[in-house]
Each structure stands twice: as C-alpha cells, then as structure tokens.
Amino acid sequence: MLDLFADAEPWQEPLAAGAVILRRFAFNAAEQLIRDINDVASQSPFRQMVTPGGYTMSVAMTNCGHLGWTTHRQGYLYSPIDPQTNKPWPAMPQSFHNLCQRAATAAGYPDFQPDACLINRYAPGAKLSLHQDKDEPDLRAPIVSVSLGLPAIFQFGGLKRNDPLKRLLLEHGDVVVWGGESRLFYHGIQPLKAGFHPLTIDCRYNLTFRQAGKKE
C-alpha cells in the first residue's frame, strides 16, 4: 500500500475539549514499537479475553507495565500478575514509555506517568464496542492510544452511550490523547476491514497507555 504522506510532518487535529489526535506522531518509532510488541507477546501471549457476561472478545490482548488490564467473573481489574502465565506482566519497553510521555506532553499532559499498557491486536472483523475507561483510580490522568498497521474507524462520543459519535479514520502512526473534560467519553473501534500493511501484514495493533496505580 502506497503511503502518500510518507514524508509528511506530524500534525495535530483537535477532537474535543481535552482531546487531540496527533497525526503520524508514532510513525518514525513504529518499527521499534512493533519489535517490542513481539517481545512482550513472547512472554505474555495474546489472548481473547472473556467478559463477565461470558462474551469472548474479538480483539486479542496482552499487557506490559507494572499493571495489566484483565477480565474476571466479577468484572474488570488491573493486576500485576498475568493470569495466563502466573508471572508478572513484562516490563514496559523503553520505546513505549518514551513515545507515550512525548505524546502526552504534546497534548498538554506533561505530568502523565503511565504504568500500564494494554496491547490490542485486531484481525479483520475484530472490533471494540463503545465503552468508557473508568477502572483507573485517578481519572485526572489522560489516556494515550497509539495506532499501528491497518487503518481503523475510531468512534468518539460523549459522557452518555447514546451521545452523537464522531467517526474518524486512524492510520498507522496516529496517536489519540484524551483527558480532562473528555476523559470519560465513550469510544470504540468499528470492525476492522481486511488489508495489507508492510509492518503488520494483515492486522492492526493498538497501544493504550494508562495510569492504573497511584501516582508516585
């Protein structure tokens, strides 16, 4: 697939109060990020988690950092232990941490201290239903979301599930940061369309950085 914007400089696209898309912000770091994704997955493999209601998610997931997001019969939680390996989640790669902090600073959140990174792998047809990120103890900390590989349609709404949605194309290297007034806005990913990307072949990766523990 020919990238007509391969030489373009990153630019910012306002999304909502406290939210911005940093177009192509992760483009130059992508190859190292993908190598590090593979390294994390070699220690804590991708898996399709089951929701408390018994639904198997279409997105394959793993984590790195001090805490990892996972599902349980009683709900959703952050845990320092991977329930599949019974070992701590892999450490967050330096490339992840550096990119996340640069993106957060560019978006106006210079004090963000990520301690959890959820890695999602989307195959064609996989999606993420509308949801809020509300399992974190300090909702003043933003969310940083990095797109790699195949393009996807990102849905971004409001504080209510039935609020009007913005639908935006996220491409390889784009980073979305939201916090402040939009921290609890509903968001999701529409079913991924089949395609080819030279770095990820037939899939899309998403890195979601959060501050899941107490700030030091």
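Quick reminder: no glycine exception, Cβ is built from N, Cα and C everywhere.
If you check Swiss-Prot, you get these features:
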| type | residues | note |
| --- | --- | --- |
| BINDING | Trp69, Tyr76, Leu77, Tyr78, Asp135, Arg161 | substrate binding site |
| DOMAIN | 113-213 | domain 'Fe2OG dioxygenase' |
| BINDING | Asn120, Arg121, Tyr122, Arg204, Tyr205, Asn206, Leu207, Thr208, Phe209, Arg210 | 2-oxoglutarate binding site |
| BINDING | His131, Asp133, His187 | Fe cation binding site |
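Features recorded in Swiss-Prot, as mapped to the structure shown.
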| residue | record | contacts (Cβ under 8 Å, 6+ apart) |
| --- | --- | --- |
| Trp69 | substrate binding site | Met61, Asn63, Tyr76, Leu77, Tyr78, Ala116, Leu118, Asp135, Arg210, Ala212 |
| Asn120 | 2-oxoglutarate binding site | Val59, Ala60, Met61, Leu128, Tyr205, Asn206, Thr208 |
| Tyr122 | 2-oxoglutarate binding site | Val59, Leu150, Ala152, Ile189, Leu192, Cys203, Arg204, Tyr205, Asn206 |
| His131 | Fe cation binding site | Tyr186, His187, Gly188 |
| Asp133 | Fe cation binding site | Ile143, Arg183, Leu184, Thr208, Arg210 |
| Arg161 | substrate binding site | Leu130, Tyr186 |
| Leu207 | 2-oxoglutarate binding site | Leu33, Ile37, Phe96, Cys100, Cys117, Leu118, Ile119, Val144, Ser145, Val146, Leu148 |
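Ranking the binding-site residues Tyr78, Tyr205, Phe209 by the number of CB atoms within 10 A of their own CB puts Phe209 at the top.
Neighbour counts were taken at the CB atom with a 10 A radius for the binding-site residues Tyr76, Leu77, Asp135, His187; the maximum falls on His187. Note on the domain 'Fe2OG dioxygenase' (113-213): DSSP counts are 3 helix, 44 strand, 54 coil. Excluding His131, Asp133, His187, which define the Fe cation site, the same chain contributes Leu130, Gln132, Ile143, Phe185, Tyr186, Gly188 within 8 Å (Cβ to the Cβ centroid), listed in sequence order.
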